[in-house]
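Have a look at the structure below, then the notes.
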Amino acid sequence: KMSHALDEYCGSTFWNASFLDRPDPDLPVCVERTVLVWVPLGFLWLCSPWHLTTLFRKKPPKTPFSKLYICKQVLAGLLFLTAIAGLLFTLAEDYGPSSNSSAKKIPAVLYANPVLFATSWVLVLLLQEAVRRRERAVDSGSLFLFWMLKVICEIFPFQTMLREAIQQEEISDLPRFCLFYITYGLQVVALVLSAIADVPLGLNKVVKKNPEAGAAYLSRITFNWFNWMVINGYKRPLVQEDMWELNEKEATSYISQEFEKIMNHELRKACSRLEKQQKKKNNSRLKSDPDQNGMTKGISQDVLVMEIGDKHKNKNKKEKKKDDSNYPKSWLVPAVIKTFKWVLIESAVFKLIQDLLSFVNPQLLKVMISFTQDKSIYDWQGYLYAVLLLVVAVLQSLFLQQYFQRCFVLGMKVRTGIMAAVYKKALVVSNDARKESTVGETVNLISADAQRFNDVTNYIHLLWSCPLQIIISIVFLWVELGPAVLAGLLVMIFMVPINGLLASKSKALQINHMKLKDKRMKIMTEILNGIKILKLYAWESSFEAQLQGIREKELKVMRNLAYLSSCSTFIFACAPALVSLATFAVFVSVSPDNVLDAEKAFTSISLFNILRFPLAMLPMLISSLVQTVVSKKRLEKFLGGEDLDTMTVQHDDSTAVSVRNGTFTWGSDTEPALKNVTLDINPGHLVAVVGAVGSGKSSLISALLGEMHSLSGSINVKGSVAYVPQQAWIQNATLKDNILFGSELNEQKLQRVVEACALEPDLELLPGGVQTEIGEKGINLSGGQKQRVSLARAVYSSADVYLLDDPLSAVDSHVGKHLFERVIGPEGLLKDKTRILVTHGISFLPYMDEIIVVVDGIVSEVGSYSSLRASKGAFSEFLDMYAKEESNRSDAQKDSAADAEQVDVVPESQDPQADSPPEDMVSVTLKRESSLRHSQRHAHIKVRTSSTARSTINLEESKKGQRLIEKEAMKTGKVKFSVYLHYLRAMGWWHASTFVMTYLLQNVAFIGQNLWLSDWTNDSETYTNRTYPADIRDMRIGVFGALGVAQGFLVFLGTLILANGAIRASRSLHTCLLFNILRVPMLFFDTTPSGRVVNRFAKDIFTVDEMIPMSLRSWVLCLLGVVGTLFVICLTTPLFTAIVVPLAVVYYFVQRFYVATSRQLRRLDSVSRSPIYSHFGETVLGLSVIRAYGHQERFLERNKITIDDNLKSVYPWIVSNRWLAIRLEFLGNLVVFFSALFAVLSRDTLDSGLVGLSISYALNVTQTLNWFVRMTSELETNIVAVERVSEYTEIPNEAAWITEKRPSADWPSMGRVRFEDYKVRYRPELDLVLHGITCDIESSEKIGIVGRTGAGKSSLTNCLFRIIEAAEGRILIDGVDIAILGLHDLRSKTDHHSSGDNGLKSIWFHMQDPVLFSGSLDEEIWKVLELAHLKDYVGSLAAGLQHEVSEGGENLSLGQRQLLCLARALLRKSKILILDEATAAVDLETDGLIQGTIRREFAHCTVLTIAHRLHTILDSSRHFHFYAQGDGIDAGKIVEFDSPSILFEKRGHFYSLAGILIP
C-alpha cells in the first residue's frame, strides 16, 4: 500500500530491485524526489525549535550586520526564489496556455517539493538570524550538517539528470534542469559559507586571546583551531606567555561556583542523614542500658576500680573508632556527578555511538571478503564497501576524539573543583578539624587526591563500556563460530590470575628496590654535603666502593624485576595467538562440517582484537577506583569537618576590647586553656600581657582573634584588627607585597613604616631593595628580619586594634629597643591605637598603661606597673624570674653588639612557648626542637657581618638564576642522535642488535602466522563439497599454534636480552657519573646547588633504570608493527606501495610538530603546578594571620588565578593529544580505505584470504600509529636523562689522585712549610684572593691565623690541600713542591681538623668505615678515644665501636662530634695539622678539653690554627694576620706576622681585632 501511494504521489515507480541489479546502478527518480529530499529537510526541522527559542527570547545585537551574514541571508533568499520559480513552472505546465488537458496529470510531488523548499528556506533565514542573536556564537553546527546532508543527497539526482541528458543527447525538461543546477550551485556555496566562522565585532578581542572562541564547527571537531599553537611550538619552545586565555566555563571561578552550590546542598543532606543515624544509635543505647545500671552492691572496691579503668580504656578505643566514622559520608561523588551531569551524558552518548560503530567494521570486512570470493558481485558494490569502511572509520574517529576531549576536560574540571573547594575549606576550618591533619597531609588533598579523581574521571565510562563491548563481541563471535568461542574466552579469563600472581610478586621486589634506592640516595646526599671533608681526608675511593656495593644490590633486584616483567610480557604476547588457536582448533575439531573460511577467520580475529582492549582495561580501572575510594574518604572527612565559629567575636562600638566571663578551649574535647576571663581595655591604651611560659598569653591573643572554641562568655573588639604572630609568617612574594599585604600603595607611608621597623639597613643589603623576592617561608631572611617584616605589615595596615604576640623576642635587644620606641611605645607610630603586647621584656613594662598577668589560664592581676609591683603578687614573682634571665642574655648580647652593624642573626626564640595555637603546634614543636639545637650550637654567634649576609643572598639569587637557565637550556629542542648512540653503546652493541633482531623475528612469526591463516582459509574453497581430511586439519592447527608460541618465546627472549642490556647501561652510566662527580674540583660544588647533583642521581638515574628500557621496547614494537602492517598490505596489494611514501611524509610532519609542542606543554604544566601547592601550604601556615586581617577573599582569588595559570597549560595539552589523534586516525583510515580500494581493483588476482588479511591489518594500524607517536615522544623525553647524566660525566676533573711522583713513606717527616710568592684565585675570571704570600714555618711551630671574615684565612688552608690550585708561586712541604704530588698522597699525609659545625654537619661517621677502622686497629682506637675524652661515652654504647652514627652525626652532641673528629686526627698521626675553628659552637668546657689534648698530643707537629676566638691561639708561637679592608683591596695579604706578645705591643691591626674577638 505504502509503495503504491508513493508511486501515485511521484507519478513513477518508487522502488524496483532491477535499478540496482546491473553494472551501472541508479536510484529511481521517485526515491530521489522523496526520501533524498525529506532526510535533510527533516533534520533541519528537527533542529529548528532550539534555534527559534533563541530568536524569540533574545533582542537583536546592536552591532551592524557582517558581510558573511549578509551573504548567507542573500543566498537563502535566492534559494527561496528558486523554490518559487519551481512552483511557477509547475503551475505554468498545469494551467498555462500550452497545457494539454488530455496530457498526463502532473504528479503531486512537483507541487509539494517547491512548497517544502520555500518554507524551509524561510526557516533557514530565521535560523541564521537566531544564530546571530545567540551570545558568543560564530556559526551553527546543525546548519552546517544540514547543508552537508543536502549537498550529498542531491548528488544522486545530479548524476541521474546528467546521465539521462548524455544518453538521450537532449534535455527533456530544460527549465527544471537549469533550475536544479542553479539551486545545487547555490547550496554548495551555502555549505562553504556555513563552514566559515562569523566572528561578531564584540568577540574579536576574546578570539585573539582564545582562538577556540572563534572556531567554526568544522574546526572544532577536527581541532584545527589549535594549529597555531602547534606550529609555534615547533618553531620555538613555548612559554607561559604563549598560553591562551581559558574559556569562561573552564575557568576556576565558574567551575568552583557551580561545584560549591551542589556540594553544599549534598553536604547538608549527608549531615542530616548522619544526625538521624546518631539519634537512632543513642536511642537504641538508652533502651539497652537500664539493666546494667543496677550494679550489684557487693563488689569489692578495687575490682570496681579496675573494671571502670578497663571500661575507660575500651571506651577510649571505641570513641576513637567512632570519631573516625563520625563525619558525613557518600556525598562527594553525587556532588561531582550532579555538577557535571551534562558533560557526563554527552560523553556517554559519544562513547556509545563509537562502541557500536567499532562493530560495524568486522561486518564490512566480512562482506568485503565475500565480495572477493564471489566473482558474480558487481564491481560497484566493492567500491561502496571501501567507501563505507572509510566513512565508518572517520565517524568513529570523530566520535572517539570528542568523547576523549569531553572526558579529559571533565577530569580537569573535577580536579579544579575539588582543589578550589579544599582551599576554601582550609580558610574556614575549625581548630578541631585542623588538628586532624598536618600541613603536608592537607597539601596532599589537593595534589594527590584531587589528581586521583582527575585520572579516574578520564576513563569512568569504561565501567559500562567495557562490559558492553565484551558482550557484543561475544554475541558476534557466537554467530560466527558458535560455542567454540567459549574456548578462546576461557583462555582469556585464565590469563587474569596469572598476571595477578606476577603483579604481587613484583610488588614485593619493588618495595625492596625502593629501600635500596633510599639507602643509596641517603649516602649520596651525605657525600655531597660533606664533599669537602671527603676531599680533605682523601676518602673518595672508600665511599665510592660503599656506594657501588649498594648499587650492585639494587641492580640485582632490578634484574629480577625485569625477568618477572618478561614473564608477563610473554603471557601478554602469547594471549592473542593462544586465544585464536583455541577457538579455531575447537571450531574445526568439533565437526567435520565446520570449515574455516576467510570470512569466519578474519571477522573473528578483528572481533578478538576489539575484545583485547576492554579485558586489559577493566582490571586497571578497578584498581584505580579502589585507590580513589581512599581519596574520596579523605576528602569527605576534610570537606565535611566543622567550620570556625565566626560569631565568637562581636564588633560593636563599646570599649576597644572587652571580654566577659570567657572560657576558651583549643578543641571541643580538650581542657579549657583560659578560664573565666573578664577584661576591659580602653581605646588608645598600651597593654602588656605577661606570664610564665605556657601560662596562656598566646591563647588570650588567639581568643581575641576568634581562633578558639568558646565555651562561655562573649568577646567584643571594636574596629579592624592587625596581628603579629609569635612566629613571623612571610609569603613567597616581594618584600613590598609582604608589607602592603593587599593594601593600597602609599610611598611616604611605606617609607615611614620601613624606617620605624628598622628595615632600612636590611634593604641596603638585599639585592633588589623593597622589590627583593622573598623565598618560601622567608628562606632568605633571618629570623629577626622576618619578625620586623611581620610587624611592618601590621603597622602599614592602619588597623584599630593591634595584637602583638611577643614580636620582640626574635630580635636583638638594641633592635627591640628601637622597635619599642619607634613603633609600639608611647611615642611610636602606633601611639593612638589600642595595642595588646605579649612580652617577656621587662624593660618595657614601666611604659605600659596597663599590665595583664596570666597564670595557668586565669587572669590573676590587672593594673599599672607601679600598683602591681607594690602588690607583691604573681607579677613581682615574674619580674624576679625574668630579671635573672635578662641579665644573662644582655651579657651575651653585649659581646656581639660591637660587630653587629645593625644586622642580627637570631637564635630562634629561646624558650619553647607552649601557649601558641595548635595549628602550628606540630610544626612549632618541631621547629623549637631544632631551634633549641640551633641555639645551643650558635650560643655565641650573634654576629653576621654585612658581607656574609649579602653573599648568602646573592648566592640564593644566582642559584635561582642558574637553575632556571640550565633547566631551560636542557629541555628545549630536539635530542641529538649521538645521545641515543651513547645509550646503545652503554647497553653494548651485542645486546642492542640481538634485541632488535629477536623482535624482528617475532614480527616475522606474527606475519607468518597470519599468512598461514589466510592460506588455511583457502582450504574451504578446495574442499567445498568434500570432507576435510583430518591430517591436513591437524597440520594447519599445529603450524598455526607453533608460530603463535614462537612469537611468545621470541618476545620473552627479546625482553630478557633488553633487560640485561638495560642493566648493563644503568651500571655503566651510574659508575661513570659517580666516578666523575667524586673527581671534579671543589669549585664545581661551590657553584652548583647540591639539589641539582642529587637530581642526577635520583630522577635521571631512575629514568635510565626504569623508563628508558620500557619506552625503548614499546617504541621498537610499535615501529615493527607499523612496518609489518604496511609490508603485509603491500604484499597483498602491490598498488598500495604508491600511497606509502606520501602517507609517511605527512605522518612524519604531524609527529614532529606534535612532539615539540607536547613536550613543552608538559613542562609548563609541571612548572605551573608547584605554585598551587606552595601557595596552599603557605596559606595553611598563615591561616590565623589571614583570618585576623580578614583577607580570605583576596587569598581565594589568588588561588583561583594560580589554578587558572596551571589550567592554561593543561587544557592545550589535552587538546594537543586530540589534535594529534584525529590526524593520525585520518591517516590510518586512509590506509584502510586504500587497502580496500586496491583490493577491489585487483580482485581478479587476489584470493579472499589475503584480502581479509590486508584489511584486518589495516584496521589495526590506526592504534599502532597513535602509540608509535606517543612512544616516540616519550622516548625523546626520557632519553634527555642520558644527556643530563653524560653532561656530568664530562666535567673536567681535578688533578690526578696519584701521580708517578710519589713521596717517601715517612713524608712529611719534619713538617716544614714554605710559601713562595703564593697567589691564588677561585675562578679564572675572578680577582686574586691571596696576593703573593711568602713565609716560612719551621718544624713543630704553632701558628695562629687571624683576620676578619673574607680576608682569605680559609683560602690559605684550601691551598695547602690543593682544593684550589695556585695561580703563581708554590708551596713546599719538607722541600717537596706539593703541585707535583698526587692529591691523595698530599691529602692523606696532611691533616685537617675542622672543629667547626660546618666541617662536621654532614660527614657520615660510619664507625666501620674501611678507611677509619679495621679490626686490628681496635686497641689503638680505644687509646685514641681515651685521649679524645670519648672512651667512657663509647664504652657506654650498646654496640660499642660498631655504633652507627646517623645522618649528619645527628645522634651525637656537637661537642662529641668535635671530639670524634679530633680522635680521627690522632689516629692518623699526621705531621702537619690544620685546625679550622670556623664558628666553633662548642661549650667552653669541651673547648678546654680539645685545646689541652692538642697541646699535649700534637706537641711534635706543625699546627696551623684559624682562629675566631683569640684565647685559643694566644699561646701560639707566631701569628699571620690577614687584613680585609671593607673594599677588599688589601684582602689576602699578610699584614703582621709575629708572636702574640709583640703584636699586642705594636698596637696594630691585631690589637684592634683582639678588642672584638676576645670574649
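We number each residue from 1, going along the chain as drawn.
Cβ coordinates come from backbone N, Cα and C, glycine included.
Features as listed in TrEMBL:
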TRANSMEM  35-56  transmembrane segment
TRANSMEM  68-89  transmembrane segment
TRANSMEM  109-128  transmembrane segment
TRANSMEM  179-201  transmembrane segment
REGION    276-297  region 'Disordered'
DOMAIN    347-627  domain 'ABC transmembrane type-1'
TRANSMEM  380-400  transmembrane segment
TRANSMEM  459-479  transmembrane segment
TRANSMEM  485-504  transmembrane segment
TRANSMEM  561-590  transmembrane segment
TRANSMEM  610-630  transmembrane segment
DOMAIN    657-881  domain 'ABC transporter'
REGION    886-940  region 'Disordered'
COMPBIAS  886-897  compositional bias 'Basic and acidic residues'
DOMAIN    1000-1277  domain 'ABC transmembrane type-1'
TRANSMEM  1037-1059  transmembrane segment
TRANSMEM  1117-1150  transmembrane segment
TRANSMEM  1226-1243  transmembrane segment
DOMAIN    1313-1550  domain 'ABC transporter'
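Counting same-chain residues at least six beyond the ends of the transmembrane segment (109-128), those with a Cβ under 8 angstroms from any Cβ of the stretch are 9-11, 30, 33-34, 37, 41, 44-45, 48, 51-52, 55, 69, 72-73, 76-77, 79-80, 82-84, 86-87, 90, 140, 143. Sequence-remote contacts of a segment are chain residues at least 6 beyond its ends whose Cβ falls under 8 Å from one of its Cβ atoms, and for the transmembrane segment (68-89) they are 110-111, 113-115, 117-118, 121-122, 124-125, 128-129, 132, 175-176, 179, 182-183, 186-187, 189-190, 193-194, 196, 198. For the transmembrane segment (459-479), same-chain residues at least 6 beyond its ends with a Cβ under 8 Å from one of its own Cβ atoms are 344, 347-348, 351-352, 355-356, 358-359, 362, 403, 407, 485, 488-489, 583, 603-604, 607-608, 610-611, 613-615, 617-618, 621, 624. Sequence-distant contacts of the transmembrane segment (179-201) (same chain, at least 6 residues past either end, Cβ-Cβ under 8 Å): 61, 63-64, 66, 68-69, 71-72, 75-76, 78-79, 82, 85-86, 89, 131-132, 138-140, 143-144, 147-148, 150-151, 154, 157-158, 161, 207, 214-219.
Per-residue confidence over the domain 'ABC transporter' (657-881) averages 87 (mean pLDDT, predicted model).
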